[in-house]
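K.L.:
Dropping a structure here in C-alpha cells format, bear with me for questions.
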Amino acid sequence: MLAYQSLGVVYGDLSTSPLYVYKSTFADDIEHSESNDEIYGVLSFVFWTLTLVPLLKYVLIVLRADDNGEGGTFALYSLLVRHARVGFIPNGQVADEELLAYNKKDDHLGLLNGDPSAPTGGAMTAPWMRRLLEKHQISQRMLLVLALLGTCMVIGDGVLTPAISVFSAVSGLELSMSKEHHKYVEVPVACLILVCLFALQQYGTHRLGFLFAPIVVIWLMCISVIGAYNIFYWNPHVYQALSPYYMYKFLKKTRRGGWMSLGGVLLCITGSEAMYADLGHFSQSSIKIAFTFVVYPSLLLAYMGQAAYISQHHVIQNNYRIGFYVSVPEFSLVREIKMACSGNSYTCCCGGKPISYNWYFLNYQTVHCLGLFSKGEDSAYFIQNRWSGLAVIIVMLVTTCLMSLVIVLCWHKNIFLAICFVVFFGTIEVLFFSASLIKFLEGAWVPIALSFVLMTVMCIWHYGTRKKYEFDVQNKVPINWLLSLGPALGFVRVRGIGLIHTELISGIPAIFSHFVTNLPAFHQVLVFLCIKSVPVPHVLPEERFLVGRVGPKEYRSYRVIVRYGYHDIHKDELEFEKDLVSSIAEFIQSAGHEQNGYVEATENGDEKMMVVSAGFRFHEERAVEPVEAPGPSNSKAMHSSPIPPKKRVRFVLPRSPKLEKSTREELQDLMEAREAGMAFILGHSYMRAKSGSSLIKRLVINFGYEFLRRNCRGPMYAVSIPHASTLEVGMIYNV
C-alpha cells in the first residue's frame with residue numbers, strides 16, 4: 001500500500017521526464033545520421049544514467065542512510081552530528097545522547113560483509129577523520145554550509161520544476177489544435193492545474209498519495225505500452241543502444257555539442273532526490289519496490305520506444321522538434337497531472353509553515369507560466385534544460401559528499417569503500433555538472449541565485465542566534481545568587497506559576513535578574529523553561545521533558561527543558577501546559593529517590609535533571625459558585641436579567657498513601673499555583689554589534705538578523721501565548 005501511495009507523491013517528476021528529455025538533449029541542433037549513432041548514444045546515456053544514479057546510488061545505497069526513518073540532506077547531516085559531534089547546537093547536553101532515537105543503531109551497508117551489524121575495517125575506519133571534524137571548527141562550518149547548500153538547492157529547484165513539468169504535460173495540446181489557438185490555451189491550463197495542485201497540498205501526504213497514485217499508475221502503464229509498441233513496430237533492434245559503446249561513439253562523433261547535450265540527459269533523473277527526501281512519509285522497502293518494479297522498467301520502455309520512433313522519423317524535428325507526444329500512436333493525448341512538490345520536505349530546515357511555502361512556490365511558478373512560458377513552447381524546454389539541471393546535479397553532489405562521510409563515520413566501513421563511492425558517483429555527477437555549468441549565463445544562474453539568497457538568510461539567522469546564545473551564557477547569573485536570597489527569594493511571592501523562557505540549560509538568565517530588580521515580586525512557583533531542538537527527527541513523549549530543581553525544595557523553583565526533534569510538531573497551548581505541570585509533578589513525586597534517571601545537566605554539576613514523562617495527572621473538580629442576585633428595584637419598567645453561576649475548576653491530588661508529607665505539600669503548592677494561573681516572562685531582545693566591529697558584522701547583526709527576527713520568524717515557543725498573561729523584558733545585546 002505504501003509503494004502504491006509513493007507513486008503519486010515521490011515519482012511524479014521522474015515519471016514525467018520522458019516529456020522533455022529528448023527534446024532538451026537535441027535542443028543544440030545535433031544533426032542525425034542514417035546510422036542513428038546520435039540517437040543510440042543518447043539512449044545509452046539515458047539507460048546507464050537511470051541505472052547508476054537512481055537505482056544503484058539511491059535505491060541500493062543512499063536509502064539505507066535513514067535517520068530513524070527520515071531522509072534528505074539534513075538527515076545525513078544529523079547522522080554526522082550525532083556520530084562525529086560536529087554540530088553547532090549551542091545548548092546541547094549529555095542527556096540528549098541518552099535519547100532512544102539518538103542511540104538507535106544505523107543500518108550498515110552490507111556490501112562487503114556477511115554480518116552488516118558488525119563494524120568493519122579496523123583502523124581503516126579513519127579515526128583521524130573524526131578527530132579532524134571534532135577538533136577544527138572550520139571543518140564543522142564547511143559541513144554545515146554543505147548541508148545548507150544542498151537543502152537550498154532542493155528548494156531552488158522545487159520552485160521551478162512543478163511549473164515546468166505541468167507545462168510540459170499539457171504541451172500535447174499542440175497536436176490537437178492550431179498553433180494560433182494553442183498559445184492562448186496552454187498557459188492558462190498550466191496555471192489552473194498549478195493552482196489546483198497547491199490548493200490540495202494542505203490535505204496531507206496520505207490523501208494526496210491516494211489521489212495522484214492512480215493517475216501516475218495510468219500514466220506509467222500508457223508510456224510502457226506506447227514504448228513497447230514503438231519498439232516492435234519501428235525498430236526492434238533499438239536494444240543494441242544499451243551497450244555503453246554507443247556513449248563513446250556519441251561523444252566521439254558530436255564532440256563539444258554532445259558534451260553540452262548531456263545537460264538534457266541529466267533531466268531523466270530529476271526527481272531522484274525525492275526518493276530519499278520523502279523517505280519519512282513512506283518506508284525504504286515501499287520506495288524500493290515502487291521504483292525497481294514499476295517506475296524503472298516503465299521509463300526504460302518509454303525512452304527506448306521514443307528512440308525507436310525518432311530513429312525512423314528524423315524529419316519530424318522540423319515541425320514539432322523531438323517531443324514525446326509525436327511518438328504516441330494516432331497522436332492520442334495522455335492527460336497527465338503530477339504532484340508538484342512536497343512542502344513537508346523543506347520545512348524542517350527553514351522553520352516555516354508548509355502551506356506558506358506552498359503558496360510562495362505557487363505564486364512564483366504562476367509568474368513563470370504567465371511571463372516566461374508565454375513566449376512559446378520552446379521556452380519551457382529551454383528553461384528546463386538550462387535552469388533546472390544545474391541545481392539538481394549540485395544536490396546530488398552534496399549527497400555524494402555527505403554520504404561518503406556517513407559510510408566511514410556512521411557505518412564504520414573501510415575508508416576505501418567511501419573513496420570508491422565518492423570517486424565513482426562523483427565522476428558521473430561532475431561530468432553532468434560540467435555540461436550544465438556551460439549554461440550558467442544562459443539562465444542556469446536563476447535557481448542558483450535563489451538558492452544562495454535562501455542560504456544567506458539561513459546563515460545570517462544561524463550566526464545571529466549563536467551570538468545571542470553566547471551573550472546569554474556570558475551574562476547569566478550564577479545559581480549562588482539565587483541561593484543567597486533565601487527561600488522567599490528576597491521579594492514578595494504571589495499566587496500562580498511564573499514561566500520564564502530562556503535558551504539556557506543552566507544558570508539564571510539575565511532577564512530574570514533584570515525583571516526582579518525593577519519589580520521585586522514574583523510567583524509562588526518559578527519555572528525556567530527551555531525549549532530546544534535536538535538532532536533527531538522525533539523525540540518520544542516519555543523522553544521529552546527534563547526536569548530539575550533550581551535550589552532547595554523550599555524555593556519552589558524548577559528548570560524544565562523540553563526537547564523536540566526537527567520533525568516534531570509542537571503541541572497547542574492547553575495540552576502543553578498540562579504536560580508541563582504534570583512533568584513537574586512527576587518529578588516532585590520521584591525526586592525523593594535518586595534513580596538512574598538523573599543526569600548531569602550543567603558544566604559545573606550544580607543542577608541535576610531527571611527525564612520524566614507527563615504521566616502524573618491532577619484530578620479536576622468543577623464547582624459551581626453561587627452568585628448573589630442584585631437587590632429588588634423600585635422601578636417597575638426595569639427587570640434584572642439572571643446572572644449565570646460562575647464555574648471554577650479545582651485540582652485535587654490523587655489519593656496515594658505512599659506520598660511523604662513534604663512531597664504532598666510541594667504538590668499541593670503546585671496545584672494551588674496552577675489554579676491561580678500561569679504567567680509568561682519573555683525576553684524581548686535587541687541585537688547590536690559591538691563598537692569597533694567590522695562592517696560585515698554590523699550589516700549582518702544590525703540589519704540582517706534584526707530584520708529577520710522582527711519580520712520573518714518569532715521565538716520558538718511550543719505554545720501560542722495569550723497576550724493577557726505575557727510580560728516582556730527588553731534587553732539590548734551587544735555582541
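In case you wondered, yes, glycine gets a Cβ from its N, Cα and C as well.
Quick paste of what TrEMBL says about this protein:
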DOMAIN    2-340  domain 'K+ potassium transporter integral membrane'
TRANSMEM  39-60  transmembrane segment
TRANSMEM  143-164  transmembrane segment
TRANSMEM  184-201  transmembrane segment
TRANSMEM  208-232  transmembrane segment
TRANSMEM  257-277  transmembrane segment
TRANSMEM  289-310  transmembrane segment
TRANSMEM  387-408  transmembrane segment
DOMAIN    388-483  domain 'K+ potassium transporter integral membrane'
TRANSMEM  415-438  transmembrane segment
TRANSMEM  444-464  transmembrane segment
DOMAIN    496-734  domain 'K+ potassium transporter C-terminal'
K.L.:
Would you call the transmembrane segment (444-464) and the transmembrane segment (257-277) in contact, using three or more Cβ pairs under 8 Å, pairs 6 or more apart in sequence?
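P.N.:
Result for the transmembrane segment (444-464) with the transmembrane segment (257-277) is no.
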K.L.:
Do you know the DSSP helix, strand and coil residue counts for the domain 'K+ potassium transporter integral membrane' (388-483)?
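P.N.:
Residue counts for the domain 'K+ potassium transporter integral membrane' (388-483) by secondary structure: 83 helix, 1 strand, 12 coil.
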K.L.:
What stretch of 39-60, 143-164, 208-232, 289-310 shows the most Cβ pairs under 8 Å to the transmembrane segment (257-277)?
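P.N.:
Comparing 39-60, 143-164, 208-232, 289-310 against the transmembrane segment (257-277), the winner is 39-60.
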K.L.:
Under 8 Å between C-beta atoms and at least six residues away from its ends: which parts of the chain pack against the transmembrane segment (39-60)?
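P.N.:
Cβ under 8 Å, 6 or more out: 14, 21-22, 25-26, 32, 238, 240-247, 249-251, 253-254, 258, 261-262, 265-266, 268-269, 272-273, 275-276, 287-288, 291-292, 296, 299-300, 303-304, 307, 310-311, 396, 400, 425, 428-429.
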K.L.:
Can you check how the pLDDT averages out over the domain 'K+ potassium transporter C-terminal' (496-734)?
P.N.:
73
